[in-house]
Amino acid sequence: MNFKQRLLETTSTSNADAEERKKERIVDLGNGSEVVYYPKVLGYEESWKWFDYLNDQIPWTRPTIRVFGRSCLQPRDTCYVASVGLPELVYSGYQPDAYPWDDYPPLKDLLETVHKALPGSSFNSLLLNRYKGGNDYVGWHSDDEKLYGSTPEIASLSFGCEREFVFKKKPSRISQAIKSKAEEDGHVGKRLKKNSSSADQHSFTLKHGSMLVMRGFTQRDWLHSVPKRAKADAVRINLTFRLVL
């Protein structure tokens with residue numbers, strides 16, 4: 001029995017699953033930025049079938065990247081899938097090889113699922129990440145590469161271990177200048193920390209089978225990360241669908 005046949009056995013969802021899928025958390029970040037969290041876009045058992053396929057069949061690699069001018073091993077596994085002929089992705093000095101969708105046909109089924117959940121979306125690339133435990137993470141960053149345009153929509157599917165996904169607002173030029181001056185003077189920026197508003201920080205617990213969508217100017221105005229967590233002692237696999245222009 002192939003993967004698709006096994007998956008079809010688990011796609012009949014219960015009423016509870018159907019109701020859970022209708023729930024969503026919409027966060028208006030202001031100034032044209034928005035995040036939408038769907039707790040369940042795939043059924044529980046179906047999501048575990050996907051987890052097993054992704055964990056076993058994807059050609060994971062852990063590349064060397066450059067961070068703050070230093071070379072280091074990326075703290076998570078990765079793989080990149082994209083339509084043929086798109087501009088190449090480069091981040092932190094690393095250019096991943098792009099596998100064509102036809103190399104992994106089941107991923108096209110996931111792409112179709114995401115497109116149905118987000119009417120009007122049209123993704124053509126997929127960055128996959130695997131976190132083997134709580135010491136695997138992704139630091140503060142924004143997906144603001146030019147190949148995604150100024151207002152990209154990015155859909156993120158999660159499988160396996162629940163992990164915290166956090167946002168913080170990018171500092172304004174004025175606050176950044178004040179912080180730099182304080183550091184030059186040898187002062188810890190306690191005042192800046194006290195003045196930080198909860199409106200400038202948001203956190204989501206990304207569950208097995210969930211989807212988080214970033215829209216508008218989120219990449220321009222906000223940073224996000226998956227921080228280290230000692231209690232996260234199992235594997236998490238994350239798929240981010242993007243449109244390369």
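Each Cβ is built from the backbone N, Cα and C atoms, and glycine gets one as well.
Taken from TrEMBL, the feature substrate binding site covers PHE68, GLY69, ARG70, ASP144. Around ARG70 (substrate binding site), there are no C-beta neighbours below 8 angstroms that are at least 6 residues distant in the chain.
For the domain 'Fe2OG dioxygenase' (122-245), the mean pLDDT of the prediction comes to 86. Marked as domain 'Fe2OG dioxygenase' by TrEMBL: 122-245.
Residues or ranges marked as 2-oxoglutarate binding site by TrEMBL: ASN129, TYR131, HIS141, HIS224, ARG236, THR240, ARG242. Within 10 Å of the Cβ of HIS141 (2-oxoglutarate binding site) there are 13 other Cβ atoms, across all protein chains.
Among the features that TrEMBL reports, region 'Disordered' is placed at 178-201.
In this structure, the CA atom of THR240 (2-oxoglutarate binding site) is 24 Å away from the CA atom of PHE68 (substrate binding site). Site extent for substrate: the farthest pair of Cα atoms among PHE68, GLY69, ARG70, ASP144 sits 21 Å apart. The binding-site residues examined here are PHE68, TYR131; by Cβ neighbour count within 10 Å, the least packed of them is PHE68. Binding residues for 2-oxoglutarate (ASN129, TYR131, HIS141, HIS224, ARG236, THR240, ARG242) extend across at most 20 Å, taking the greatest CA-CA distance.
Of the recorded residues, GLY69 (substrate binding site) and HIS141 (2-oxoglutarate binding site) place their C-alpha atoms 16 Å from one another. The CA atom of HIS141 (2-oxoglutarate binding site) is located 13 Å away from the CA atom of PHE68 (substrate binding site).
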